[in-house]
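> Mind having a look at this structure? Questions to follow.
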Amino acid sequence: EHEDTSLLLQPLFEGQNYGAAAEDGTQCPSVSVSRNNPAKRDCLVVAVLCFGNLVNFIDWFIVPGILLDIQKYFGLSDGKTGLLQTVFTLCYMLAAPIFGYLGDRYNRKIILGAGIFFWSGVTLGSSFITELHYRIFVLSRGLVGIGSASYSTIAPTIIADLFEEGKRTTVLSIFYIFIPVGSGCGYMLAAGVAKSTGDWHWAFRVTPCMGGLALLLLILLVPHKIQRKTAAHRALSISGMIGRADEKPDVHRTAKTTWCQDVGSLIKNCSFVCSSLGLTAMAFVTGALGMWMPLFLYRAQVVQGLVPPCLQDSCNSSNSLIFGGITIGAGIVGIIAGAEAARRLRKINNKADPLICASSMFISALCLYIALMVAQTNILSTFIFIAFGELFLSVNWAVVTDILLYVVTPRRQSTAIALQILVSHLLGDAGSPYLIGVISNAIQARNIPSLQWSFRSMQYSFVTCAFVGVFGGGFFLLTSFYVEEDRKEAQR
């Protein structure tokens, strides 16, 4: 898999005269690739980071893939079930600013390695928790979120340091493709392992092995120090349209300002604030869909009489497999389409990025609403509209990151990414799984317990996501009013 990725990327990096290197200019002994071939070396670094991102999101979405089994095993209501993902995301969110601060000032390879080791070990340990210790299981998911935060905060900044603007479009798009691919694989892996073994606990024993491999590859193939070595430093944009700013060769990326000064500057950046709120709406919707959609589809099929209620030890996991496949396919197509649309439209409109994000959010919200309304009568149409809804959500991932990278000055980018993670998760997917579960519980409590109301409670609570998606599109429209001015400010 890594060889294929390297072959795909290699033509893009020819002629590149900078990349990952030790501070003193010496070759790190852990890197077997010759220092005379920086393009090959950077290909391997990207391949390792992409594989780590894959493992990160597989771990993230194991729980939703076997949610029905976990809910039955611990005897949970919808509200308590949603708490699992909420605790994970809260810990992830709170840890992100800390790792952003550390990533701007200390060795990023060591931080990444520690994070992978930590989350893999906790995931393995959580597979041995019994039904009497639900709180410990919830705590373990929170600890996994802390480890994941180190990776999501720091890995994109390493890629941003390695490549020039034009090439960064392709590289960041490839990196972010592994978000939906990893998410989909998490559903499919969890459901497949649970089905084949008859015990959902085994799903938590596979990804630690993958995490161990990712850690080994990080140690062997990623240089200990990574910095830019060009005579002129460029703003970190995937648009390829940003001018140069003077910078002395071999200047370190280390921040010269305090964290409070960085945060104060970012709060005044209207494009960063508005695009972060748009991303928050995206996170709210994707968090709720990711946690509850397989269970919602199962309840819709039960109401239609397509599948029987789950009474046995191992429940039907076909919806997780199908939804995982949809997530992978829609994610890949959406991210590629978004990057390509942005590349083309930037040539004729400098506000193309936020306008693309706004349009895709509006369309996604409409598709989601239609999917919810037809779920009780036509399950095939539901799958189709969910696929389109996820596709248009995925359009935005690389584009939103690009907006941040060219409206924020390079020395504040790790902090900006960390703050964006904090805000988007605090107001987005940290609360949406729990909120959907609580609303579902409240609706069920007001009606006679039945399979019909079990489905309708989830259906009505999901409508919240469609309206949040519309608000997200509005925030991206606001971003378009400020993006040109903030882009120029970042170049100064």
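Here the Cβ of each residue, glycine as well, is placed from N, Cα and C on the backbone.
From TrEMBL, for reference:
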TRANSMEM  43-63  transmembrane segment
DOMAIN    45-487  domain 'Major facilitator superfamily (MFS) profile'
TRANSMEM  83-103  transmembrane segment
TRANSMEM  110-130  transmembrane segment
TRANSMEM  136-159  transmembrane segment
TRANSMEM  171-190  transmembrane segment
TRANSMEM  202-222  transmembrane segment
TRANSMEM  277-300  transmembrane segment
TRANSMEM  320-342  transmembrane segment
TRANSMEM  354-374  transmembrane segment
TRANSMEM  380-405  transmembrane segment
TRANSMEM  417-440  transmembrane segment
TRANSMEM  460-483  transmembrane segment
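Are these features on the surface or tucked inside, and what touches them?
Packing against the transmembrane segment (136-159) from elsewhere in the chain are residues 20, 45-46, 49, 52-53, 56, 59-60, 63, 74, 83-85, 87-93, 95-96, 98-100, 103, 108, 111-112, 114-120, 122-123, 125-126, 129, 168, 171-172, 175, 222, 226, 401, 413-414, 417-418, 421: each is 6 or more residues past its ends and has a CB under 8 Å from a CB in it.
Long-range Cβ contacts of the transmembrane segment (171-190) within its own chain (Cβ-Cβ under 8 Å, at least 6 residues beyond either end) map to 5, 8-9, 12, 46, 49-51, 53-66, 155-156, 159-160, 162-163, 200, 203, 206-207, 238, 290, 294, 317, 320-321, 323-332, 334-336, 339, 390, 394, 397-398, 401-402.
Under 8 Å from some Cβ of the transmembrane segment (277-300) lie the Cβ atoms of residues 61, 63-65, 67-68, 71, 82, 85, 89, 183, 187, 307, 310, 315-316, 319-320, 322-323, 327, 354, 357-358, 361, 364-365, 368, 375-376, 379, 382-383, 386, 389-390, 393, 396, 400, 420, 423-425, 427-433, 435-437, 451, 454-455, 458-459, 462, 464-465, 468-469, 471-473, 475-476, 479, all in the same chain and six or more residues away from its ends.
Remote same-chain residues near the transmembrane segment (320-342) are listed as 64-66, 169-170, 173, 176-177, 179-181, 183-188, 190-192, 238-239, 290, 293-294, 297, 352-353, 356, 360, 383, 386-388, 390-399, 402 (criterion: CB distance under 8 Å, separation of at least six residues from the stretch ends).
Among residues of the same chain six or more beyond the transmembrane segment (354-374), those with a C-beta under 8 A of the stretch's C-beta atoms are 271, 274-275, 278, 281-282, 285, 289, 338, 341-342, 345, 381-382, 384-386, 388-393, 395-396, 399-400, 403, 459, 462-463, 465-470, 472-474, 476-477, 479-480, 483.
Residues of the same chain lying 6 or more positions beyond the ends of the transmembrane segment (380-405) and with a Cβ under 8 Å from any Cβ of it are 156, 160, 169, 172-173, 176, 179-180, 235-239, 271-272, 275-276, 278-279, 282, 285-286, 289, 293, 297, 300, 322-323, 326-327, 329-335, 337-339, 341-342, 353-354, 356-357, 360-361, 363-365, 367-368, 370-372, 374, 413, 416-417, 420, 476, 479, 483.
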> Quick one: average pLDDT across the domain 'Major facilitator superfamily (MFS) profile' (45-487), no decimals.
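On average, pLDDT over the domain 'Major facilitator superfamily (MFS) profile' (45-487) sits at 84.
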> Taking the transmembrane segment (417-440) as the reference, which of 83-103, 110-130, 202-222, 460-483 gives the largest number of Cβ pairs under 8 angstroms?
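Answer, by Cβ pair count: 83-103.
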> Near the transmembrane segment (202-222), which residues from the same chain, at least 6 beyond its ends, have a CB less than 8 A from one of its CBs?
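Same-chain contacts beyond the flanks: 2, 20, 30-33, 44-45, 47-49, 51-52, 54-55, 58-59, 62, 65-66, 109, 112-113, 116-117, 119-121, 123-124, 126-127, 158, 189-190, 193-194.
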> Could you check whether the transmembrane segment (43-63) packs against the transmembrane segment (460-483) - three or more CB pairs closer than 8 Å, residues at least 6 apart in sequence?
no
> Go through the chain and flag residues at least 6 beyond the ends of the transmembrane segment (460-483) whose CB is under 8 A from any CB in it; none is fine as an answer.
270-271, 274-275, 277-282, 284-285, 288-289, 292, 296, 350-351, 353-355, 357-359, 361-362, 364-366, 368-369, 372, 396, 403, 407, 432, 435-437, 439-440, 443
